[in-house]
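Undergrad: Below you will find the structure I want to go over with you.
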Amino acid sequence: MRLTTPASAMAAPGGGAEGRRCPLGAAPSPARSAAGPRRSSETMALKQVSSNKCFEGFQKVFEHDSTELKCKMKFGIYLPPKAETGKCPVLYWLSGLTCTEQNFITKAGFQQAAAEHGLIVVAPDTSPRGCNIEGEDESWDFGTGAGFYVDATEEPWKTNYRMYSYIKDELPKLINANFPTDPERMSIFGHSMGGHGALILALKNPGKYKSVSAFAPICNPIQCQWGKKALGGYLGSDASKWEAYDATQLVKSYPDSHLDILIDQGKDDQFLSAGQLLPDNFIAACTERKIPVVFRLQQGYDHSYFFIATFINDHIKHHAKYLNA
């Protein structure tokens, strides 16, 4: 179903230079602050990087050693006021190309809505960091900051570039072990490359996520230049293997219609007109399979976080409807 909603400066796909790390300056302290009591020895594996009170909750950043990615990783986590007294659902955000965990937590303005709805919101980094792989920093759309949420099978990437398994398994296990979460209530959303990640994780794991949404997702990566470069580099030249990480392909075999998808797309998005996002292909596949999807083409909006901040409350409400049911 298509809904066109009437409604900024252009930005790099994930925020460009704004993707650089900018720790908020709080002194490290144990993970248990505002996160409930420690519930497992895994808690000690977390190092708090920053903590800021926000809408009566806390926006924090932690660092940990990842077993999947074999490097140190950071993630942002917003703990709403409700997390002080009870378990909360968890909403995972996946960012786009060039981003770190900082872009979403400092620019999207989601915290007030998350506080009101009692949602823990987790925002991981977009790729492994500092793995000393030759060529990982040569381009902005492959390697560092561009993990594409796949498990690489090709050398030299396959040892570290396992973002799919990191997001699907390792990170939720870490979050559930250390924070007052309800593991049975989990949803996912994202932007651009992260919108692609959110869609494929939901479609590849029926029932794992209560809901999914995306801002300007890369919907059909096997058909666009960003996708061909990333999937070819991480998965090899056999294009048939790429389909396992393509939302438009995955939705064709999704087993049922119990997945309510919300997508917002800026009409003036330069990457839409450049053929990188291809939402029409995904909408057509969903329509054929009778998968419910609300697609909103937003007049005058681009690919930036100004666009995300404008509609973020709608997405939080979309997920809260399912997470708090």
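We number each residue from 1, going along the chain as drawn.
Note that Cβ sites are derived from N, Cα and C of the backbone, with glycine treated the same way.
For reference, TrEMBL lists these features for the protein:
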| type | residues | note |
| --- | --- | --- |
| REGION | 1-43 | region 'Disordered' |
| COMPBIAS | 25-38 | compositional bias 'Low complexity' |
| ACT_SITE | S192 | active site, charge relay system |
| ACT_SITE | D269 | active site, charge relay system |
| ACT_SITE | H303 | active site, charge relay system |
Undergrad: Sequence gap of 6 or more, Cβ distance under 8 Å: name the residues on the same chain that satisfy this around D269 (active site, charge relay system), in order along the sequence.
TA: A216, L277, Y301, D302, H303, F307
Undergrad: Over all shown protein chains, what is the count of other CB atoms within 10 A of the CB belonging to H303 (active site, charge relay system)?
TA: 28
Undergrad: What is the number of other Cβ atoms found within 10 Å of the Cβ of S192 (active site, charge relay system)?
TA: 28
